[in-house]
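Copied over from TrEMBL:
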- 1-18: compositional bias 'Basic and acidic residues' (COMPBIAS)
- 39-172: domain 'MARVEL' (DOMAIN)
- 1-20: region 'Disordered' (REGION)
- 39-62: transmembrane segment (TRANSMEM)
- 74-97: transmembrane segment (TRANSMEM)
- 109-131: transmembrane segment (TRANSMEM)
- 143-166: transmembrane segment (TRANSMEM)
């Protein structure tokens, strides 16, 4: 009986290696993503965490109201949801170090462009949200939510500006070394 169990173990090992070699022969890989705990403690990671939290608050505060009565708030929703989703994707790329597996993309330059664009978009969203809060009646739920979304949109914009500066400084220091 012991021989049978050992032969089963050996045959399962050969099956796994043959599957592995078949995957590699097709040009595919089965690699594991690494976790970068230092990224969360970096300035870029903290700014991205702030962007995610404040962006989530913006679109949930507006989404919880009847924002369709004020067409301008549709723009605020678009900006906040688009930037939030893209930031979450980038955050996961950096956290799992997946960006190191795609060296063809200039990640610092992409970060500068995205964060700079998101800063401008969030600036417009914060202004539109502030102007649109005049439509709501003071003291009502919509008014409070729209004012809070204006504050959080401003905080999200500040995080995107800070992240742009951090990415620019990092990119600039790499360029001076070359």
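Each residue, glycine too, has its Cβ placed from N, Cα and C.
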Residue distribution over DSSP helix, strand and coil in the domain 'MARVEL' (39-172):
113 helix, 0 strand, 21 coil
State the residues, same chain only, that lie 6 or more residues beyond the ends of the transmembrane segment (74-97) and have a CB under 8 A from a CB inside it; answer 'none' if no residue qualifies.
33-36, 39-40, 44-45, 48-49, 51-52, 55-56, 58-59, 62-63, 67-68, 111, 114, 118, 121-122, 124-125, 128-129, 132, 149, 153, 156, 160
Sequence-distant residues near the transmembrane segment (39-62) by C-beta distance (under 8 Å, 6 or more away from its ends) are 73, 76-77, 80-81, 83-84, 87-88, 90-91, 94-95, 111, 118, 125, 129, 145-146, 148-149, 152-153, 155-156, 159-160, 162-163, 166-167, 170
Over the domain 'MARVEL' (39-172) the mean pLDDT stands at 90
